[in-house]
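Structure first, then comments.
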Amino acid sequence: MTDTDEVEIPEVNHVSGSGLPVRGNDIDTDQIIPARFMKVVTFDGLGEFAFFDQRFTEDDDLKDHPFNEDRFQDSSVMVVNSNFGCGSSREHAPQALLRWGIDAIIGESFAEIFAGNCLALGIPTVTADSETIQTLQEWVDANPDGELEIDVEAEQVRYGDTTIDVTVDDAQRKALVEGVWDTTALMKSNAGAVQETAAELPYVSDATANGSGSESSSSAD
Amino acid sequence: MSKGTLYDKVWDHHTVTTLPTGQEQLFIGLHLIHEVTSPQAFGMLEERDLEVAYPELTHATVDHIIPTADQSRPYEEDAAEEMMSELEENVREAGIEFSDPDSGDQGIVHVVGPEQGLTQPGKTIVCGDSHTSTHGAFGALAFGIGTSQIRDVLATGTVAMEKQKVRKIQIDGELGDGVEAKDVILEIISRLGTEGGVGYVYEYAGEAIENLGMEGRMSICNMSIEGGARAGYINPDETTYEWLQETDYFQENPEKFDELKPYWESIRSDDDAEYDDVVHIDADELEPVVTWGTTPGQGIGISDPIPAPEDLPEDKQDTARRAQEHMRVEPGETMDGYEIDVAFLGSCTNARLPDLRRAARIVEGRQVDDDVRAMVVPGSQRVQEAAEEEGLKDIFEAAGFDWRNAGCSMCLGMNEDQLEGDEACASSSNRNFVGRQGSKDGRTVLMNPRMVAAAAIEGNVTDVRELPEAEVTA
Ligand code: SF4
């Protein structure tokens, strides 16, 4: 963390990994992460609680769920159905999935706020029609180690010998491909300009930013 | 597009640049933090190996989970203790000033900021709490933010935002006896709706606003968010400046006052400012307002009949029906006489010294109804101390009120202060959502603090104007 004026936001152009199917429409954020796991002070440990009530009975016995299956433990691309992530806007939901190991989600459709929250974490949410998704889910089931490759810019997904067309929302595609999805990194890279704005404010007299090279006002532009 | 308003000016002063996403990057002059919404953001910072960019523009306190009876550590509830310890560690590591209980300065974040002089005109102020709009009372641009934005502010001192429209709410005339700032804002929300302000910032203006003290102005700005407006503000004037002069910051830095005053004057909305919308309200027509339902927009004058759902706009009928079922009220009746079990005098809307003073004048020499459990939760330790010194605590206790320590308390029931079962509560807070006060069957009636005092005495919602103030004995 030396030169904050040059923060790299990764461009999320290609995401690849093996897939796992999570079937069902209208899977809400309460299912993704039950509310009782929200009284926490960090998102860190949330991964293990992803889909908790879908994966465990009240007596902590395992239920049937792809997140419980050995063959999907290394998977990073979820294949879901329609209106995934509806319900409460809690940021804890994509955080839990990310921490479990999910890097991208392919589905029929996503709830808007959920997709926005995913974007803030650099997780693409790409869509295709229901038939295509069903075929893909079957392929993933049969090929748990098979590689899926998402090309965000070209709006394509490749698996086996097949290439399918998918849709990535325009704004999302731009943000991911151009590497401007991470507001923290994006704004951090303007640290020099931030200092200049602060210096103009009569009430900010002695504020000096940490690690922003504040002694030199000749910040990179 | 608005032009020449305080909002436009403060926004311009703080704009760093336009981001590739189309949003603007806005410098934040004061970041207030508390124990509930900040820890995840600190966690994210750590994950990325980032430091807090402007610790000296950041200030912390503890309010949501703090017990208001026994505050000895460790707190009885594990989750509360964990959140408090986490906050302590985070602020220590980052070098952030912390108004903790030992400092004597602890309190609800929106009471603490103003009383220490941290809240000033022309600042941008954020906090991971929707009632940050409170600070707009001083002519600051203040709004609540979410977890990733808290992370952004910690890491960069800025937020990414889109500019909003400005609606001027002009309140002319004078408030009648027994009618307070709280009634003005409840009336505004009931007229414009809980979503009426979405996409807007509210500027409150007019004679009735100018005549209010700072505490009343804070009560109004506080509830802007209940009307859907993320921020609300009032242009700074002599009342604002006098108040500021008494705060720690300007007591310690008197030269700053003269230095900053020209800036404060310069950011006032111009006389010929342009607004996206203007709404007029006549203060003379208002009476004490109480809510009959489960949103802050479901309010009526104390002598008005509860509306029949079918008389409301179609999109409001369903919620109204469900609200009336929950509250067990009938259309056509008034709220006068609605039986209550609990009286809660507290919250960042109405737990400042003048609020407690006015309420004390009502309870003085009277007794809380036998069937009512009544409590006062001062907004901060300083309010508490001042109130104790001038004898308000004794007045409340003599009347049968429980006098507690500062915190959010029953405003949201995150500590042990909660409604039980289907208890009905006369509350000086800002939200009457189902479950808000800790019980999913609980019933909340929002009103001004003197009305809460009156309800506690009578055991039911009552028009405080019919309950004369006691002779001041002291
Ligand atoms: S008093 Fe209530 S509204 Fe105010 S900050 Fe606390 S919980 Fe939020």
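The backbone N, Cα and C atoms fix where each Cβ goes, glycine too.
Bear in mind that TrEMBL entries carry predicted annotations, made automatically and left uncurated.
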Recorded [4Fe-4S] cluster site member, picked from B:CYS348, B:CYS425, that accompanies B:CYS408, B:CYS411 in TrEMBL: B:CYS348
Listed range which TrEMBL flags as region 'Disordered', given the options B:105-125, B:294-314, B:315-335: B:294-314
For B:CYS408 ([4Fe-4S] cluster binding site), the three-state class that DSSP assigns: coil
DSSP helix/strand/coil residue counts for the region 'Disordered' (B:294-314): 4 helix, 3 strand, 14 coil
Other CB atoms within 10 A, centred on B:CYS411 ([4Fe-4S] cluster binding site): 29
Under 8 Å by Cβ from B:CYS348 ([4Fe-4S] cluster binding site), same chain, sequence gap 6 or more: B:ILE108, B:VAL109, B:HIS110, B:VAL111, B:HIS131, B:THR134, B:ASN222, B:GLY379, B:CYS408, B:CYS411, B:ASN430
Cβ atoms near B:CYS408 ([4Fe-4S] cluster binding site) (within 10 Å, other residues, all chains): 31
[4Fe-4S] cluster site shell beyond B:CYS348, B:CYS408, B:CYS411, criterion: Cβ within 8 Å of Cβ centroid: B:ASP63, B:HIS64, B:ILE108, B:HIS110, B:HIS131, B:GLY346, B:SER347, B:THR349, B:ALA351, B:GLY379, B:GLY407, B:SER409, B:LEU412, B:SER429, B:ASN430
